[in-house]
Every structure is written in C-alpha cells, then in structure tokens.
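S.K.: Sending over a structure as structure tokens; questions will come in a sec.
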Amino acid sequence: MDINTLLNTPDEDVLSLFTPQVARWFKEKYKVFTPPQKGAIPLIKKGKNVLVSSPTGSGKTLAAFLGILDTLIDLGYKNELNKQIYAIYISPLRALNNDMRRNLIEPLTELRNLYPDLPEISIGVRTSDTSSYEKQKMLKKPPHILITTPESFGISLVSPKFREKLSDVKWVIVDEIHELANSKRGAYLAGLLELYKSFIAKNNFVRIGLSATISPLEEVAKFLVGGNGDYEIIDARFVKPTDIQVVSPVKDLVHATEEEVNIGIYSYLVDEIKKHKTTLIFTNTRHAAERVAYKLRKMFEDQNIFDSDLVAAHHSSLSRDVRLEVEEKLKRGELKVVVSSTSLELGIDIGYIDLVTLLSSPKSVSRLLQRVGRAGHHIREVSKGRVVVVDRDDLVECTVLAKLAIDRKIDNIHVPENPLDVLTQLIVAASLITPIEKDKLYEIIKNVYNFRSLSYDEYNNVAEYLAGNYGLDSNKVYAKIRIKDGMISPKRGTRMIFFLNSGTIPDEAMIPVKMENGGYVGNLEEEFVEILAPGDIFVLAGKTYEFIRSEGNSVIVKKSEGQRPTVPSWFSEMLPLAFDSAIEIGKFRGKIAEAIMNEVPKDEVISSIMSEYNLSRFAALSIYNYVKEELLFTGGIVPTDKLLLIEVYDDDDQNRNFIFHGLYGRRTVDALSRAIAYIISKDLNMDVRIAITDNGFAITVPGKQEYEISKVFDKLEPDKMYEILSDVILRTEMIKRRFRHCAERSFMLLKRYKGRETSIDRRQINSEVLLGVVRQIEHFPVLKETVREILEDYMDIKRAIEIVEKIRNGDIKVATIGPNQVPSPFAHNILVKQYTDVVLAEDKRELLKELHNKVIEFLRNKGIDIDLEYTEAGIK
C-alpha cells in the first residue's frame with residue numbers, strides 16, 4: 001500500500017474497527033492516525049500478514065499493537081479471554097523489550113483510568129535476563145502478550161512444558177526486522193518461525209514485521225512470511241519531512257592543517273549544540289565516540305558553555321548499566337549531547353532529539369536515513385541531519401548519499417543464503433520438538449526464505465554430521481541426533497546442549513598480544529586480528545608492532561620502531577560503503593568530469609552542484625577542483641561506474657603499486673582485490689600486499705617489477721573466482737576465527753557443557769585443531785559454511801564476479817596510466833590508508849597535503865598551468 005493511499009484513508013474508517021473504549025481513548029490522546037497506522041491496523045484486524053516500513057516516530061509500534069490490544073479487550077468484555085499467550089513480540093534488543101513492556105502498560109493504564117472495569121491484559125518478558133522464578137510463574141499463568149528475543153524464542157520452542165503455552169498464538173510481531181534480515185540471527189529466527197508453524201501452532205498466525213527505512217521491501221516481506229505466505233506491505237518510508245545537509249568544517253579541505261580541521265569541526269558542533277535542545281552525534285567507531293565526547297566535555301568546561309555532565313558517550317563497549325543510564329537521562333531530557341557509534345541506531349526510545357550530526361560518511365543511504373530519523377521523534381516533526389566531512393573523498397561520498405536519501409533511493413540489503421551452521425541448530429531444534437521424517441524436515445526448511453535454494457545434498461551433509469557420521473568422535477565431536485529408518489530424533493543430552501549453546505551471536509574476544517620473548521603488550525579485538533597478515537604493522541598503546549603469527553588465542557609480535565603502520569587500528573570497526581551507493585558515486589564523478597570535458601563554464605558547473613546537492617560554494621568548488629585535478633593528471637580519464645582506472649605508481653621505497661580505482665563498495669572490493677592479488681602473486685612468484693578502501697585498492701609489489709597489469713582480467717576467469725578465493729582465505733587469520741564461530745553455532749565446539757563454561761582461549765585452540773582435521777574431509781559442512789560466510793556475507797563475491805564479467809565483456813572499460821613517481825589525486829586516500837592510524841591523524845593530513853603539492857608540481861612539469869582557486873577568497 002503506497003503513501004498516497006494511506007494519507008487518503010479517513011480516520012473514521014479505522015476508528016470504526018475498534019471497541020468504543022479504545023476508540024475514545026485514541027481520539028482523546030492522539031486525535032489522528034499516522035499513515036502506518038491507517039494502513040496496518042485494518043489489515044491486522046483482517047488477519048493479514050503485514051510488513052510496515054516507516055521511520056522512527058511514525059507510530060509503527062502502535063500500528064502493530066493497537067488492533068491486538070483492542071481484540072483482547074473485546075474478548076475480555078465477552079468473557080472469552082483465556083489464560084494463554086495470544087501475541088509474541090520478538091525484538092533483537094533486550095533493551096527494546098523493556099521499552100516495549102512500558103509502552104504497552106501505559107495505554108492499558110490510561111484505558112483503565114477511563115474504564116475501571118477494563119479486562120486485565122497481562123504482559124510478560126522472557127529473555128536470558130528473566131529469572132527461573134519468573135519463568136515458573138509464566139508456566140502457571142502465561143501472559144497474554146509475550147515479549148522475547150530470537151534466542152529465548154528458540155529455547156521456548158524446545159521447552160516441552162512452555163511450548164504448550166504457545167500453541168494458540170494469534171499474532172507474532174518481529175520488530176527491527178531490517179536489523180535481523182541481513183544476518184544469521186535473522187535466518188535463525190525465520191527458521192524458528194517455520195518450525196513453530198509446522199509443529200506447534202494450531203492455527204495460522206498473523207506475522208507482523210516492523211522495519212525502519214529499508215529496501216527492497218518485497219524481499220524483506222518474503223523473509224518475514226517464508227514459503228508461499230501472502231503478505232501486504234505498508235510503505236511509509238518517506239512519510240516524515242527530512243532535512244539533510246553536508247557541511248565542510250573548513251573552506252579549503254586540501255590545505256587546512258589537522259588542527260584547523262579539528263577546530264572547524266568542534267566549533268561547528270558547539271554552535272549547533274547551542275542552537276538545539278538535544279543533539280545526537282554519530283561517529284563511525286567506538287574510539288571516535290569516546291574522543292569526541294571527551295573533547296566536547298573539555299570545551300564545555302574550559303569555555304563555560306554548559307555543564308560537562310550534559311555530555312555522554314554511548315557505544316557497545318560500555319557496560320549495560322552505563323548504556324541504560326545514558327538512555328534514561330536522554331528520555332528525561334537531562335543531556336545536551338550524546339555521542340554514539342552504532343548503538344543508538346536501533347529504535348530504543350531515547351526521547352526528544354532535534355538534531356542529528358554525523359561525523360564522516362555513514363556508508364549507506366539506509367544508515368544515513370536511520371540515523372537522521374532519530375531526530376524529530378514525531379511524524380510531523382522534521383528529521384534534521386547534518387553530515388560533517390573531513391576530506392575530499394568524504395565530501396564526494398556524503399554529497400551523493402545525502403542526495404540519494406532525499407531522492408529516496410535506498411541501498412538493497414543482503415540476506416544470507418543457506419547458512420549451514422544455522423541449519424544445524426534448526427535440525428536439532430526440530431528433533432527436540434518432535435521426532436520427524438528427515439525428508440519432511442527438508443521440505444519444511446526449504447520454506448524458510450534464507451534456505452529456499454538449499455540443495456538436498458547440503459541438507460543431508462549437515463544431518464549426517466549431526467548424526468556423527470564423519471568419524472569425529474576421537475576429536476570429542478559427538479552425535480547430537482540419530483537417524484533411523486529415515487526418522488530424526490535427539491540423542492540424550494542434546495536438549496541441554498541446545499539450551500546452553502543455541503543462538504548465532506559469537507562471543508567477542510579480546511586477544512592478548514605478546515612479544516616473541518613472551519612479554520605481554522596489551523589486547524586487540526578479535527575482529528581486528530582476523531584482518532592481519534604476517535608483516536602487517538599496527539599501533540598499540542602508542543607504539544608500533546609487526547604481526548608475526550597467531551598462536552591459539554594469542555598474537556605474537558615484534559617491535560617495529562620507526563615503521564609506519566600498514567593497518568589502522570580502527571579498520572575492523574569501519575562500516576563498509578554499500579555497493580549501490582558506490583555505483584552512484586561513480587556516476588556522480590562521471591557527470592562532473594563530463595561537464596568539465598565539455599568545457600561547461602566553471603561557475604555554471606559549481607552553481608549546478610550547489611543547487612542540485614544543497615552544498616555551500618566552498619564544498620562545490622572543492623568537488624570541482626578534485627575532479628578537474630584528476631582529469632588533468634590522467635589526461636582526461638576519471639574512474640566512474642563504467643570505467644575502471646588502473647594506475648601504476650612507483651613509491652619512494654622502491655615498491656610498485658598497482659592502484660585499482662573501482663567504486664564497488666568495500667565488500668566487493670575486498671573479494672576483487674584478493675582475487676587479483678592471487679593472479680599477480682602467482683605470475684610474479686612473490687608475496688604482494690593489499691590495501692583496501694571503499695574507493696578502490698592498491699596491490700604493492702616489492703621492487704619495480706615489470707608486469708602487464710592491463711592483462712590481469714584476461715587471466716581472472718569469473719567461474720574460477722569462488723575456487724580461487726576459497727583457496728586464498730583458507731590461508732588467512734580470518735578462517736581461524738570464523739571457523740570457531742561457525743563450529744560453535746554448529747555445536748562442534750560447546751561454549752557451555754554440564755555446568756562448565758569453556759574459555760574462548762581453549763575454544764580457539766580446540767577449533768584450530770578441528771580445522772586441521774576437517775580440511776581433510778571433502779564437503780565438510782561447517783568448513784564449507786565458514787568459507788561461504790567470509791565470501792558472501794563478509795565480502796561480496798557475487799558482485800565481484802559480476803564486475804569481472806562486465807569488464808571481460810566490455811560493459812566496464814579499463815584504462816591504465818603510469819608508471820608515475822607521483823600518484824593521481826584520487827589515489828591519495830587509497831595510499832594514505834596503508835600508512836595511517838588514528839594516533840597519526842596529523843601525519844595523514846600532512847601526507848595528503850604533500851601528495852597534493854606533488855600533483856601540482858607534476859602537472860606544471862608536464863606544461864599544464866594549474867590555476868584552481870581553493871577558497872572563495874581566491875587563494876591560488
């Protein structure tokens with residue numbers, strides 16, 4: 001149902017569906033329905049499956065629950081309200097569950113104040129935080145509405161006594177479905193809902209999905225209902241007015257020092273904070289969130305602006321108690337500014353925010369809209385967002401993302417396909433609900449959207465593994481099910497294993513870093529360790545170290561004083577640029593380049609950028625200069641969505657760098673770069689280095705090796721890429737960590753067993769032993785899944801193959817320049833990413849400035865007279 005239909009639906013049509021009591025309460029409290037409510041309530045009342053997509057503050061929750069509450073109240077007045085669970089609300093966040101309980105109790109309390117004889121509607125929360133006593137109480141007196149998480153829902157289904165209480169549920173609500181659909185956690189929940197429908201539910205229940213702005217809605221709806229389920233979509237994604245602007249903190253992004261940029265950023269932030277009641281600032285890393293909060297507190301104190309206690313940080317590394325305290329203070333209006341990484345993107349109720357500021361690119365349109373949507377917590381209030389950029393690439397990227405957001409063009413989500421570790425848990429869960437025919441269970445699993453293309457061989461391999469038919473008993477991997485006469489049933493002890501080990505979220509480990517001689521240095525996050533390769537140099541506690549190897553759950557390093565870091569310490573936290581957005585950035589570059597090449601007057605181009613993209617003159621001028629410099633440097637070539645530029649650059653360290661300017665998003669670039677590096681490494685018979693960014697990648701070869709780089713795509717056959725990359729990643733740190741995660745999800749490694757918890761250190765050591773064993777087993781499902789997860793979920797091999805096919809058939813042209821002793825302007829950030837760390841931000845800006853000066857000198861040496869103004873004042 002589109003937005004115009006929703007807006008034109010008379011309120012009286014919806015009110016007429018309610019009992020007089022609920023109709024009166026609604027009219028007195030809210031007066032009018034929001035578009036999502038106008039669309040969803042009548043459909044839910046009719047028993048239709050519904051996906052509601054709309055921004056924060058548009059009344060989604062009430063749209064889902066009001067019809068349900070009204071039906072329960074009506075049943076109560078008719079003395080037909082039984083002691084049973086009628087509705088299940090499933091949310092990915094426990095904090096959302098507590099919010100939801102409060103949000104449901106409030107209207108019921110207000111209704112009871114109006115009508116003292118209102119039937120009692122009970123609400124219960126069942127998560128890992130719920131005490132055994134509370135769970136026992138639920139068995140005796142189940143709540144009418146059950147609030148839970150995917151993991152606790154799974155445990156409920158295999159609990160013999162409690163699942164009886166779930167047999168007559170009428171509605172299942174999945175909140176924040178956009179957060180679930182693109183993860184294994186979502187695949188797990190989708191599978192659990194299918195098992196619930198097939199084995200426990202007496203009747204067809206209504207599925208209601210609540211989502212922030214997401215695309216494509218059809219795919220998310222299919223994920224919600226599974227199989228051949230019918231559904232209706234309420235598309236109210238763009239119902240709230242949105243005001244998004246990109247801001248440059250300095251007039252000249254090229255020549256400003258790091259100090260000038262920082263002064264510009266914080267001056268801007270303080271000015272905006274003063275003008276608004278509550279400001280929410282998003283950074284892209286937890287480290288940056290802490291840094292910005294600290295700096296603002298200090299400025300508030302030193303300049304006597306506000307009390308420094310009015311500033312708080314909120315991110316996932318903080319304790320739950322600290323996060324809850326910040327959320328409560330926000331709701332009560334006791335904070336002036338909160339700085340967050342990603343933790344406040346989801347729909348936790350955080351009260352009134354009138355400005356959202358993003359420091360640097362959010363990397364996708366949907367994330368931009370989600371973050372900005374936190375401002376103006378009512379449907380008629382403007383969601384006001386400002387994006388502060390730090391360099392020219394950031395400016396170009398954010399300019400395009402902001403325009404796409406205003407034009408309502410959203411990136412498509414990625415839904416994991418056939419995650420075999422999740423399948424393992426679903427087969428075990430099914431066996432614990434009831435003994436089942438193996439072939440019948442396959443048909444049920446195929447109804448789950450994530451498993452629609454699952455082959456019988458893949459399914460059978462997982463079942464055989466669970467039945468202990470791979471001979472892993474000597475490695476203490478025992479059967480969890482038995483298969484006899486085509487029937488699957490659980491082995492003794494399997495129920496307890498499921499209770500203690502089910503779920504898909506891996507334990508996050510801090511990895512100890514040790515010197516070769518055994519001295520302790522500090523800790524690194526596991527995500528960071530998995531991207532390291534021998535020889536990588538990184539910063540820890542302000543000093544540089546070279547990665548040698550990992551041993552079990554430790555990292556072995558040696559000092560590398562004076563050497564530049566090759567991997568930024570925040571790299572693993574960085575959000576990847578979405579593929580669809582990357583393609584649009586390529587188109588934007590091409591559009592500006594074409595105008596310049598066609599000799600459209602400079603002022604006309606700049607005015608056009610200003611008006612079409614809502615930019616200041618400084619920002620538009622900066623983009624114009626950036627593209628023009630690249631054109632002058634390359635002799636008229638700018639990398640776009642239709643042209644891949646390969647630049648050969650010989651650096652001062654006698655290395656040859658092959659720089660691939662390909663805007664395809666980080667996940668695609670990651671896969672593409674490793675495949676190309678494999679070809680070059682094989683041809684030259686030497687190790688090469690890779691540096692990956694959102695705007696392309698650099699492959700560095702020691703010594704100025706001659707290599708015909710333009711022919712590399714002739715050697716890279718698309719149908720061999722999966723095989724090549726599988727082979728490549730089997731030699732990385734990543735495979736060790738990811739295999740442990742998949743082995744834990746597959747019950748190969750047990751986190752908890754017989755009342756004992758196994759440490760992550762011990763599990764990592766055990767997993768590496770198991771990895772060595774299963775590498776010898778053909779088509780072993782847990783290893784196959786580890787490779788699939790890395791290539792399809794972490795990277796995007798499908799898009800990488802698509803790009804190679806387009807290059808080989810001529811849809812994407814390839815141009816080559818060099819070798820040069822100076823890198824082109826567009827190459828600077830790709831190269832600088834190799835050499836910079838957060839502690840060296842000043843060095844990064846100096847290096848960029850130095851590279852820019854070399855470009856100007858390079859052009860003048862070629863007889864090209866550069867005359868570009870860099871600020872409105874006309875600095876030449």
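The backbone N, Cα and C atoms fix where each Cβ goes, glycine too.
Worth saying up front: this structure is predicted, and the values here are computed from it rather than measured.
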S.K.: To which of Gln37, Gln84 does Swiss-Prot also attribute binding of ATP at the site defined by Lys60, Thr61, Asp175, Glu176, Arg374, His377?
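M.R.: Of Gln37, Gln84, Gln37 joins Lys60, Thr61, Asp175, Glu176, Arg374, His377 in the ATP site that Swiss-Prot records.
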S.K.: Going along the chain, which residues six or more apart from Lys60 (ATP binding site) have their CB under 8 A from its CB?
M.R.: Pro36, Val52, Ser54, Leu210
S.K.: Work through the binding-site residues one by one (Arg374, His377) and point out the residue whose CB has the fewest other CB atoms within 10 angstroms.
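M.R.: With the binding-site residues Arg374, His377, fewest surrounding Cβ atoms within 10 Å: His377.
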S.K.: Using the residues the record lists for ATP (Gln37, Lys60, Thr61, Asp175, Glu176, Arg374, His377), what whole-number Å value is the largest Cα to Cα distance?
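M.R.: Largest pairwise Cα separation, rounded: 19 Å.
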S.K.: Helix, strand or coil: which one is Thr61 (ATP binding site) in, per DSSP?
M.R.: helix
S.K.: For each of the binding-site residues (Gln37, Thr61), count the other CB atoms lying within 10 A of its CB, then report the residue with the highest count.
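M.R.: Of the binding-site residues Gln37, Thr61, the highest Cβ count within 10 Å belongs to Gln37.
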S.K.: How many other Cβ atoms sit within 10 Å of the Cβ of Glu176 (ATP binding site)?
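M.R.: Around the Cβ of Glu176 (ATP binding site), 20 other Cβ atoms lie within 10 Å.
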S.K.: Hey, what's the Cβ neighbour count for Asp175 (ATP binding site) at 10 Å?
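M.R.: Result for Asp175 (ATP binding site): 26 neighbouring Cβ atoms inside 10 Å.
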S.K.: Does Ile505 (site 'Wedges between bases of the loading strand') have same-chain partners at least 6 apart in sequence with Cβ under 8 Å from its own Cβ, and which are they?
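M.R.: The answer is Glu151, Arg185.
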